[in-house]
Amino acid sequence: MVQSKAKAGFQAGVKDYRLTYYTPDYTPKDTDLLACFRVTPQPGVPPEEAGAAVAAESSTGTWTTVWTDGLTDLDRYKGRCYDIEPVPNEDNQYFCFVAYPLDLFEEGSVTNILTSIVGNVFGFKALRALRLEDIRFPVALLKTFQGPPHGITVERDKLNKYGRPLLGCTIKPKLGLSAKNYGRAVYECLRGGLDFTKDDENINSQPFMRWRDRFLFVQEAIEKSQAETNEIKGHYLNVTAGTLEEMMKRAEFAKEIKTPIIMHDYLTGGFTANTTLARWCRDNGVLLHIHRAMHAVIDRQKNHGIHFRVLAKCLRMSGGDHLHSGTVVGKLEGERGITMGFVDLMREDYVEEDRARGIFFTQDWASMPGVMPVASGGIHVWHMPALVEIFGDDSCLQFGGGTLGHPWGNAPGATANRVALEACIQARNEGRSLAREGNEVIREAARWSPELAAACELWKEIKFEFEAMDTL
């Protein structure tokens, strides 16, 4: 019966996507996954056809009518382009809003969501360029994800550190140190006043420093610095590996030696590996630091790719306790409004639509734990007031060269950063404006801290003043 009905209603051929997938009268449901694409059609392609093509090719459609369309309920499963807006101050660019039914996606799988929405349509010839700007994940879908292994509140309880940002450092040079010298640098930084040190993203298990040797020397440094400072310390041990089995072996060894936190490169490692590791971290009480290596390949271009706010949302669902988020004031890309938009999406429970900050949809995270943003890249002591004022307490401020580049060595570099941070927190708590008085706060603290004074003198002229590309 179904077969004869399908035969009777089937008309072979090619028809415009907009006839089926452009539905301006559609009202999105609470259970729909909503996506905003920045679409640049090829000359002569109407925006309605381009938006409908995106909806079709990222859901149920293909380039021609197929007989098996009659064997399913297309209206139930198809994506719908329900709204189109011209992009302000841009020629032939449009924000196309697409609603996807919940049943199109596997529960608890970021991999499946991204494969569906961006896996194929970005190579579509009718489009000159395409960028995924934002996604609204429905609560019904979010509840199928674990999210971060622990979250900000649990991390602070584990570390017994409250009322200020956490302070970190990436060990440099990133490649070439032996395991013992690497551990020595970790010890000096932690003893000097930092909360964390970090493997760089490309430190895995190279011939000059195998992972097991690094883990052991670093853990010795952590325990020695903790005994001397009476503070809980940690080092982000990068467990990223060539296979999932090897990654989990490294994670198990890190737990065995009682390290408090491990690290993963989530984009190069992949979302399946990241979700697996995040679930293991919750089960085993280990914090998870996430590096975004490779993100700029995906998100740097304004009209093509995936915006980092989408990658950050996906990471929160996949799982991670920390995520690098740019600095606004350092050497890496990041305009303040846009950056703080996705920082809020990482750590807040409910975020309202705010186009000025690039947030296209209101997002309810349904009590999913938050991710702590990590500001890292080209920052030093003179940036401290701005970083505290911009990111607030629930953040990790990470100084690599800004610690290890101190003229007196690693421990004095760490001390300089800790003094600068404590001075900024005290000034803020006393009601002073860090935006207006930040430099004076640092100068006052430098009068009684020779380590900070030396750092201030060294980096007083260093600035990274380039226009951000990531703007609305």
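Just so it is clear, glycine is given a Cβ too, placed from its N, Cα and C backbone atoms.
Going through Ser225, Ser367, Ser376 against Swiss-Prot, the one listed in the substrate site together with Asn120, Thr170, Lys174, Arg292, His324 turns out to be Ser376. When the alpha carbons of His291 (active site, proton acceptor) and Thr170 (substrate binding site) are compared, the span between them is 12 angstrom. All protein chains shown were included, and the count of other CB atoms within 10 Å of the CB of Asp200 (Mg(2+) binding site) stands at 18. Apart from the site residues Lys198, Asp200, Glu201, the chain places the Cβ of Thr170, Ile171, Lys174, Asp199, Asn202, Ile203, Tyr236, Asn238, Met263, His291 no farther than 8 Å from the centroid of the site's Cβ atoms, the recorded Mg(2+) location. Neighbour counts were taken as the number of other C-beta atoms within 10 angstroms of each residue's C-beta; across the binding-site residues Asn120, Thr170, Ser376, the minimum falls on Asn120. Cα of Ser376 (substrate binding site) to Cα of Lys198 (Mg(2+) binding site): a distance of 11 Å.
Here Lys198 (Mg(2+) binding site) comes close to Gly168, Cys169, Thr170, Ile171, His235, Tyr236, Met263, His289, Gln398: these same-chain residues lie at least six apart in sequence, with C-beta atoms under 8 angstroms from its C-beta.
DSSP gives Glu201 (Mg(2+) binding site) a coil state; it is part of no helix or strand. Distance noted between the C-alpha atoms of Lys172 (active site, proton acceptor) and Glu201 (Mg(2+) binding site) is 12 Å.
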